[in-house]
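So that you can see what the record holds, here are the features copied from Swiss-Prot:
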type	residues	note
MOD_RES	SER2	N-acetylserine
BINDING	10-34, 38-42, 63-64, ASN90, 194-198, ASP239	NADP(+) binding site
MOD_RES	SER30	phosphoserine
BINDING	SER140	substrate binding site
ACT_SITE	TYR194	active site, proton acceptor
Amino acid sequence: MSSCSRVALVTGANRGIGLAIARELCRQFSGDVVLTARDVARGQAAVQQLQAEGLSPRFHQLDIDDLQSIRALRDFLRKEYGGLNVLVNNAAVAFKSDDPMPFDIKAEMTLKTNFFATRNMCNELLPIMKPHGRVVNISSLQCLRAFENCSEDLQERFHSETLTEGDLVDLMKKFVEDTKNEVHEREGWPNSPYGVSKLGVTVLSRILARRLDEKRKADRILVNACCPGPVKTDMDGKDSIRTVEEGAETPVYLALLPPDATEPQGQLVHDKVVQNW
């Protein structure tokens, strides 16, 4: 087991906002920071970049679309650290609006990574989360636009305090199926797979927070979703108005909430402010 028992993990951390979050955690978090990437060479290059800046991250390969890869990471964290203190679920995919890929394929691939794989990360790693742990799920303000463009019936379901994880999974599966059957608009869905995927992540964060409050309240584990804002990354494009360092501020703020904090919990946070939606 590592001589340092505290550990923070950032997924999709070889570039962009994930790398910026890992960099800032290396500076501020009291413990080891493990950055992950699907591509080993790119992940190790990111580690070398941070080492050149005088920081000391660790690297572990992770493909969040692969459940066995997630479980290998879980076993590593359990063996090396006895668990996990901070989880930042940043890894995601986004298609450009002019991408010629069929809409239903975009929907399936986007939901697979952004929602279902993120859910797998939470379900595999929350059981080893230590007391006062912090889970930060990177969402997007596009989730709010997606919500506004949902039918009233779907809005009520997403807002419901009794919505279960299983119910949410069924809704996300239905969106994918409705796109395949070319009926998603008629069924009340918006035309944004990315927005729907991040809406799912935001609602999942609320459901997981509620479950933790019911089953592990004394551990004070906080789960929140956040929007970094329009950041200059490969995903958001060069014309976005924020640097990756600015985009990392709210995720890092949530990751480093003090041990006695009880809120925010299960919220969507933008610019360190809870969003009402």
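Think of each number as a place in line: the chain as shown, counted from 1.
Placement of Cβ uses the backbone N, Cα and C atoms for every residue, glycine included.
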Same chain, 6+ residues apart, C-beta under 8 Å of the C-beta of ASP63 (NADP(+) binding site), given in sequence order: ARG38, SER69
Candidate with sparsest Cβ neighbourhood (10 Å radius) among VAL10, LEU25, the listed binding-site residues: LEU25
Most crowded position, judged by CB atoms within 10 A, among SER30, SER140 as binding-site residues: SER140
Number of other Cβ atoms within 10 Å of the Cβ of ARG38 (NADP(+) binding site) across all protein chains: 17
Rounded Cα separation (Å) that holds between the residue listed as 'active site, proton acceptor' and SER30 (NADP(+) binding site): 34
Spatial neighbour of SER140 (substrate binding site) that is closest, considering only the binding-site residues LEU25, SER30, VAL196 and their CA atoms: VAL196
Neighbour count (Cβ, 10 Å) for ARG15 (NADP(+) binding site): 18
Packing count at TYR194 (active site, proton acceptor) (other Cβ atoms within 10 Å of its Cβ): 22
Candidates ALA20, VAL196: member of the binding-site residues with the richest Cβ shell (10 Å): VAL196
